[in-house]
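J.: Following this message is one structure expressed as structure tokens.
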């Protein structure tokens, strides 16, 4: 809520009903994860395509994957990545705990406490998440089939130089192995038709490849760069989020006072904009701000892993 001193009250861990918080936190993470996963997959493929020139942009990548691999292609590696849903509860608990503990440090503002809590929570979480990221990123860029159907003709020939053959029975164009090799170039792993047949088979094949090729260290490939990516990203997100909440709440509070003074409206004393609306505006703004600053490091991380 907003107050006269423009403070935006922060909900602390001690104020929460843990029996509701943890289940709802997991459910919320699952919902957001399911909705945004196709965008994560598209981002990974676009970041890895340097030299392969598979896609001209987001729209072209989406149409290609839908035509070549079907709708399920947008969810390749989904169940492996879903392990992050469980870890999100640990992340939230760590963030709230560190934030509460830092309240004993004199001179720290609410924004600085949020910054520290987000950074520490992300740092501890990377030990669990990096192996998940390594496997899921391979699964994201592996074609679900051993053959590729025609992609959008909107792509320039210089970007998708594939030879097209006419099928006598259907009259449709059929891509040769050139296009398939372009897709496979995004990952060093080569899977057989049987290994591509099911999600479990793909997961087992990728895990075996990484373990055989690199050992346990292979599952932590890019661990340091992940720390340099996600720790500042998480810290900045929470810092920006807290700052945006206070900025929006302050603006709304001043506007509310102005309207009340001039029109005697809103006499109930309730805020002009609900707390939830303030948070819904602040969260994406914080995400945009932190992603803009961290995206160059994230590109390096994806290619290293």
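Here the Cβ of each residue, glycine as well, is placed from N, Cα and C on the backbone.
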J.: From 220-240, 241-261, which range did TrEMBL mark with transmembrane segment?
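T.: When 220-240, 241-261 are checked in TrEMBL, transmembrane segment belongs to 220-240.
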J.: On the 0 to 100 pLDDT scale, where does the repeat 'Solcar' (274-305) sit on average?
T.: 86
J.: With DSSP helix as H/G/I and strand as E/B, how many residues of the repeat 'Solcar' (20-101) fall in helix, strand and coil?
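T.: Summed by class, the stretch gives 69 helix, 0 strand, 13 coil.
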